[in-house]
Amino acid sequence: MAPQAKKLKTEQLAPFSSKHYPKPLDVKTILSRYVRRQDLKPLQALQNKLDKTEKERKGIKHKGAVVHLFNRDLRVADNNALSEASSLASSAKLPLIGLYMVCDEELFSHNVSPFQLEYRIRSLKVLKKSLSEIHVPLAFLRVEKLSDLVNIVTAFCEEHNASHVFSNIEYEVDELRFFQSLVTGLLDKQIAFSPCHNTCVVTPGVLTSKSKGTQYSVFSPWYRAWCEYIKKNGDVLEAAKVVTANKEDTLSEDVKSLFESEIPSVPTDKTLSTEKLAAFDKLYKCGEHDAKKHFEEYIHSDNAKEYADQRNSIDANISSHLSVHISSGTISTRSIIRYMIDNKLVKQVDSGDKGLTEWIRQIAWRDFYKHVLCNWPHVCMYKPFLLEYDDLEWEYNSEHFSRWCNGQTGYPIVDAAMRELNATGFLPNRCRMIVASFFSKHLLIDWRYGEYYFADNLIDTDFASNNGGWEFSASVGVDPQPYFRIFNPWLQSEKFDSEGSYIRKWIPELKQITDNKAVHNPYERGFAKEAENNGYPKPMIDHAFARERALSRFKEARG
């Protein structure tokens, strides 16, 4: 049986909108505010505020503690902001305090999946233990609303007499605006806030085209610039300084009490079912120690060396699954690349072993999409990068959406992928492309519904990468797949799951079909009776019809 997603109550989907962000900006406002005005882009606005307040923040005297605010950086090793906080605390003979906040509204508005939340909760337990071993407490706070975050952080700092706060920058719009407010809110209480870059190997905004001096909107030239920058600036791969242990004489009774702080419980709607929890226990290890171990085992394996040739092969099962760890920050991407160079697994980021350099190239895509997010922040506002497609005429067939979610489309490769996603929270990259293309081109459903569903179910959701992948597949994003390139699911299936092993694994209704050609399309290849008797549906939409409809709609949108 296919894992069941929630059934929709209405027959027709409404045009996509978010109850957390009910007033999307129009194209004219986006162009005037975020495309043509560099100073209004959230990352630049944060930098401007930091520059404006630099003298005042530097003049703040040390008090009773230094705080590091954890986000998606759930590790002690190679953590820039944590390292900076530790250095200041050590030199000022003050205790370092870790702080992590669980915001209920954020869990839903930012669509953190139960799989990913389970990973983070378990990783936080590992982090708490690691920090306690160097006498650093990790305090936890439960916050109801996003609007309360600044006041909660400020109150915590005042309660524990902290004079300085550090945190690593996250590049989504809400996070950048939160940091802007935190600079001001803390400064009003004579507390200095110092955000650090640590998420990307190369900081957003550094790479610009030689001809125009602007951000790249095509991956290939951006990637060449990324590689050259790393080779010329080797310090970008240097690890952050090791975090210093708190000295016993700096720990007041107030600070010691924070060692007893417990991770808050999560909302019921964000907990895993018994079945999915069992799958989680079987598939995933959590925390920075297991992330490091997982990476080192993978990078020395045959799968890594064969990555360039086999990365699209679904049945080969060579996915590293490192995205599970990277997306929650239990391992840094620069430490991954540094390890590979230091251990002579590759000569440089773009030279050496073919499989490993291609694997690094895939890591670079993560940086690329974050750079895009910073320069074109409207992609973080439920708008396509290519704004001319904002009014594309989508279909809103709720039955089609529900069947796609549940893996009941009648296209075996699509259904196998969706069932794996629902059961495990993970999908190989090729499967993500296939189901996203089917969703946005065959079903012609607004890609934002698919993006949202992925975020709500994947264990490794990274907003920039998820958004970039969906916009690519829907042909509305930066450096997208051409709108006229529409995957034939049957051909994709035959090419990347040639023996049908992936299909048989996830679709038990087709397990008895031993013909390696027929399993990809049983109703057209002589096995209709077997498929029907086992309850597997016929294709829900005709491929030729869907292709022509999509081509027509995209041509209309282009004008």
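Each residue, glycine too, has its Cβ placed from N, Cα and C.
Copied over from TrEMBL, here are the features:
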- 64-201: domain 'Photolyase/cryptochrome alpha/beta' (DOMAIN)
- Tyr307, 319-323, Trp359, 362-369, 460-462: FAD binding site (BINDING)
- Trp394: site 'Electron transfer via tryptophanyl radical' (SITE)
- Trp447: site 'Electron transfer via tryptophanyl radical' (SITE)
- Trp470: site 'Electron transfer via tryptophanyl radical' (SITE)
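Known features from TrEMBL, placed on the structure.
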| residue | record | Cβ contacts under 8 Å, 6 or more apart |
| --- | --- | --- |
| Tyr307 | FAD binding site | Ile318, Ser320, Gly355, Leu356, Glu358, Trp359 |
| His321 | FAD binding site | His294, Tyr298, Phe426, Asp460 |
| Ala364 | FAD binding site | Val201, Tyr223, Trp226, Cys227, Val349 |
| Asp367 | FAD binding site | Cys200, Val201, Val202, Trp226, Thr333 |
| Trp394 | site 'Electron transfer via tryptophanyl radical' | Pro15, Leu444, Ile445, Asp446, Arg553 |
| Trp447 | site 'Electron transfer via tryptophanyl radical' | Pro384, Ala436, Phe439, Ser440, Trp470, Glu471, Ser473, Ala474, Val476 |
Which of Trp359, Asp460, Trp470, the listed recorded positions, has fewest other Cβ atoms within 10 Å:
Asp460
Treating G and I as helix alongside H, and B as strand alongside E, what does DSSP give for the domain 'Photolyase/cryptochrome alpha/beta' (64-201) in helix, strand and coil?
66 helix, 31 strand, 41 coil
